């Protein structure tokens, strides 16, 4: 057993410590804490996943949190740590000392999530699946859930549904919740689904479990509504239980508001990894033509619904791989909001060949963002603006809004 003090927070929700055995990454540990445990080596590094905390950080959050909350610190103390993660990535990975605007806090530190997914526990109730494990962590409540999802959580704890998982998607705008039932037999779930709608759920769908990921298999409506409207700052957009939409709409709305003020406007704009096209629809009044590229059929379907509802005739959705953007030609603005892996080499190469006047880069991973920004700066761009945003309080995750210009 080793006893050691944690030095700093690093990406992934780990505290870093230097010991006689080498660097140890400690899950959920906070800077300055004294911990004890037996680190295990995996992927070439030492990890301690369940430390015994001997001396806690004075700001450690005292109330129970779900396992996903890997930054259990008083909220005001979380923000400088997250800002430091972005600054460190910018300096260490991108090799840049560009100014960083102060982090924008989440409007709500708790009760902010409008989407969540839980496993059904064999003993009843709902549980989190622990990462890289088959272990289930049973929950009595989840303080990260916004209303009305907190109501839905309490209802579902008492329903013995024959499913593997339940997924929730709510709307702060409408005050409603959609429910996804994952696994089980859809025919046997039709009657419970109708009863759940009578109980207060806006709609229920069934989803086939898939090794490819969440809602990658067959999805069948069972009862009630299929979509809801949610407000993301100045924009109202469609969400569904199977959609990949921002789970903190108040924070996402603030980012959209600021993004709109950063760009020049012009003739043509392109959004890669568009999802349902929030940026395309938001910026459509500033450009003559806007093209939204997205690979997900469901996201494109919702984007088209919103485009028609908003009357955005100059927006065009294309269901295609972002790596094939070369075929679309030149644009004044390219918006990119890639997954955590960042931009693939094909997209970075396209940007450096097409040379749009502006690149609006939104990231959910500071390290891959910094890698891509460094490559674009070496290719002739300058980082004109960057600001961290906190979409996920009580977790290590941090978003970045940035603008590059020629």
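Quick reminder: no glycine exception, Cβ is built from N, Cα and C everywhere.
According to Swiss-Prot:
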ACT_SITE  364  active site, nucleophile
BINDING   246, 273, 294, 337  S-adenosyl-L-methionine binding site
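Of the recorded residues, the residue listed as 'active site, nucleophile' and residue 337 (S-adenosyl-L-methionine binding site) place their C-alpha atoms 8 Å from one another. For the S-adenosyl-L-methionine site listed in the record, the two most distant Cα atoms among 246, 273, 294, 337 lie 16 Å apart. Proximity of residue 294 (S-adenosyl-L-methionine binding site) to non-local residues of its own chain (separation of 6 or more, Cβ distance below 8 Å) is seen for 273, 274, 275, 276, 277, 300, 303, 317, 318, 319, given in sequence order. Residue 273 (S-adenosyl-L-methionine binding site) has a Cβ environment of 20 other Cβ atoms inside 10 Å. Applying an 8 A CB threshold to same-chain residues 6+ apart, the list for residue 246 (S-adenosyl-L-methionine binding site) reads 232, 252, 391.
Within 10 Å of the Cβ of residue 364 (active site, nucleophile) there are 19 other Cβ atoms, across all protein chains. Note on residue 337 (S-adenosyl-L-methionine binding site): other Cβ atoms within 10 Å of its Cβ, all shown chains, come to 18.
Same-chain neighbours of the S-adenosyl-L-methionine site beyond 246, 273, 294, 337, judged by a C-beta within 8 angstroms of the site's C-beta center, are, in sequence order, 244, 271, 274, 275, 278, 279, 299, 338, 362.
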